Amino acid sequence: MSAIDSLPPLRDVIRAHDLRARKSMGQNFLLDLNLTAKIARAAGDLTACDVLEIGPGPGGLTRGLLAEGARHVLAIEKDSRCLPPLGEIAEAYPGRLTVLEGDALQIDPLVHLTPPIRVAANLPYNVGTELLVRWLTPGTWPPFWQSLTLMFQREVAERIVAQPGSKAYGRLAILAQWRSDARIVLQLPPDAFTPPPKVSSSVVHLTALPEARFPADAEVLSRVVAAAFNQRRKMLRAALKGVAPDIEDRLISAGLKPTDRAEQVPLEGFCALARAVAET
Ligand code: SAM
């Protein structure tokens, strides 16, 4: 019998440990192990990797990651009620699962991880977006992670992979696509979760590129993109007035039309503009 078969079904685990989902913790659990195996497979080849899992809950995805051969899983969970069931999984996979209790926004996981590292999580959406932005904007590139496989509400997932010309295109798309390959790998209806959330969800897989797709200073790019999309309906020359007094000239030298709107500008255009703005 494999380790995963020696563990009780997740519904029994939830009953035995009285793990009623708490709204305050953003808890919508995945109890179908076929589905969690699918998500674990979407994370790529785990056999030579340490995997950082945020918010393991009762451990459905954790089981998937271990069964798919993760060398080691470091799981960070805020709800102490989940620790006993996670302990049972750790016993079934000796030496391969470490669980830390705490808030993923406060804990530095790196001391517990050995590269190469992949990240996988089904997290509350607000925490997921905040962590994603942090993971995409480290002090130096390449980052500590090789890939991120993350569940988001569908609307947020669409913002991550959005292309110019669409309503979803904005800061998140540029941030994600500048230094990583981002794609939606799985769509999930609300009833895939217990309890079901109000909206559909998607799993996004991001692979870190060794270098940015186009050269630009990260801080300048971020400032230009934030200003451009804060007033996305305005023409660039108006939206970016505060970025540089001679912004019209800089837009033209970047090959952009001052009358364009942020939504029309491809990633390459924003990088050219960030370079033009950085010029003294
Ligand atoms: N991964 C599990 C699954 O797929 O069934 C649980 C998913 S549930 C959407 C989110 C999990 O993240 C919960 O177990 C919750 O307790 C945990 N969580 C919420 N906020 C957290 C935080 N700031 N740090 C770590 N875990 C958190």
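Heads up, the Cβ atoms here are built off N, Cα and C, so glycines get one too.
Because TrEMBL annotations are produced automatically, they should be read as predictions rather than curated entries.
Features reported for this protein in TrEMBL:
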type	residues	note
BINDING	ASN28, LEU30, GLY55, GLU77, ASP103, ASN122	S-adenosyl-L-methionine binding site
DOMAIN	35-210	domain 'Ribosomal RNA adenine methylase transferase N-terminal'
Fewest other C-beta atoms within 10 angstroms, as judged across GLU77, ASP103, which are the binding-site residues:
ASP103
Spatial neighbours of ASN122 (S-adenosyl-L-methionine binding site) that are distant in sequence (at least 6 apart) but have CB under 8 A:
ASN28, LEU30, ILE39, GLY55, GLY57, LEU61, LEU150, MET151
Local confidence of the domain 'Ribosomal RNA adenine methylase transferase N-terminal' (35-210) - pLDDT mean:
97
